[in-house]
Amino acid sequence: MNRILSSELAGHVGATVRLAGWVHRRRQLKSVAFLILRDRAGLAQVVVGEAARESLADLPEETVVDLTGTAVANPAAPGGVEVVDPTWTVLSGAAEPLPFDVYRPELRAGLPTLLDAAPFALRNARQRAPFELAAAGVAGFRSTLDGLGFTEVHTPKLVGYATESGANVFGVDYFGRKAYLAQSPQFYKQAMVGVFERVYEVGPVFRAEPHDTARHLAEYTSLDAELGFVQDHRDVVRVIREVFAGMIGTMADRAGAALAAADLTLPDVPAELPTVHFADALDLVGRATGEDLTGEQDLAPAHERWLSAWAEREHGSEWLVVEGYPTAKRAFYTHPDPDRPGYSRGFDLLFRGLELISGAQRLHRYADYVDAITARGEDIAPYASYLEFFRHGMPPHGGFAIGLERFVARLTGAANVREVTLFPRDLHRLTP
């Protein structure tokens, strides 16, 4: 007999069915006993008769069983159907009790305990919900960009030079040579614009930054995209708007159970993302707070929170693009703003008070790269293979990157990005 899922029971009322999954909970009442079975689709209620009641003691929570019985209608059961007259086989036993009860609506344990026991904590629907949302979000990212003519690429994570700065990379021995874990696919996705025009990648990136904060990780999942033949960075922003609409739409379509488990409502994405220039953003914050922000080159976290609140008040939007960051603060490959010397065509997207995206129009001419690197007092030799991309015809282009875990943390209201990271890697944690 083929196995069915708990969600399929309603289509088999009156028939003998076979289920398989985990013992989610046992309930012993005076007149009846229940076994709640959990599988990937949900929960099934199994009525255990008098003859089998004692054997429930041998089925502690999280035991894996293969179970056969008859499906009968019962409006009080999950999905309106339960299974009676069961027989079962234990496929795998559960050893010592876990430090929490998986069946509870919320797990009663601290974050270190939940992270140490992640393979079991994530069996809880509420704990698992952010990861189901992340999976749906990535599917929406891919399908949206596929629909916009992008090609998915997969670039190396072992590289011969640092993308940004050698101080923030993990060095590894590569057959006797020095190599690094990639900080981003930046150089490679730019190169592929010269091949496909529009590319994206979903993959890990590594940052050897000794931050011990609630929003930093040493390894995270980056959703990267790069597109050619842009007029300026605003073409990139328009794609970002479509991407988030697609990601959130796919979450709504595919992750309804996760949204219910986490008690979440997804945000609206406006037809056009409200935008403010960096200089104007500083002026707004300074006038509101009384701070002297003259000469500031970046926004502090408190400024990002203030600007997000301002965008919600003034534009009814939880999203805000801050464009025109100072050139000196952005990567050397960022295109300067020809109309405002000292400022760039780089931008950040703020969401609910936090920087979610950094993006920009990039330089696309070889000579401009040489000038930009030497102007910063750096040697062009380490970038020779990268600069070669621009000697043979590269279109004007730009791109962006989304930190998946940071986005999901803001969606779910998680206080710490580790709550929504599968086996996080940070300053202290390398296992499990």
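The chain as shown is numbered from 1 upward.
From the backbone N, Cα and C atoms, a Cβ is placed for every residue, glycine too.
Since the structure is predicted, the reported quantities are computational estimates derived from the model, not experimental observations.
As given in TrEMBL:
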- E164, R207, S358, R362: L-aspartate binding site (BINDING)
- R207, A208, E209, R215, H216, L217, E355, G403, L404, E405, R406: ATP binding site (BINDING)
- 141-432: domain 'Aminoacyl-transfer RNA synthetases class-II family profile' (DOMAIN)
- 186-189: region 'Aspartate' (REGION)
- P78: site 'Important for tRNA non-discrimination' (SITE)
Report task. Rounded to whole angstrom, what's the largest C-alpha distance between any two of R207, A208, E209, R215, H216, L217, E355, G403, L404, E405, R406, listed as binding ATP? Result -> 19
Query raised in the report: Do any residues at least six apart in sequence from S358 (L-aspartate binding site), in the same chain, have a Cβ closer than 8 Å to its Cβ, and if so which, in order?
Result: G346, F347, D348, F400, A401
**Report entry** R207 (L-aspartate binding site), number of other Cβ atoms within 10 Å
**Finding:** 19
Report summary line: Between the binding-site residues H216, R362, R406, the one whose Cβ has the fewest other Cβ atoms within 10 Å is H216
Query - Proximal residue to L404 (ATP binding site) among recorded positions P78, R207, R362 (C-alpha distance) - result: R207
Requested in this report: Rank the binding-site residues E209, E355 by the number of other Cβ atoms within 10 Å of each Cβ and report the first-ranked residue.
Outcome: E355
Report task. For E355 (ATP binding site), identify the closest of the recorded positions P78, R207, R362, judging by Cα separation. Result -> R207
**Report entry** Neighbour count (Cβ, 10 Å) for P78 (site 'Important for tRNA non-discrimination')
**Finding:** 16
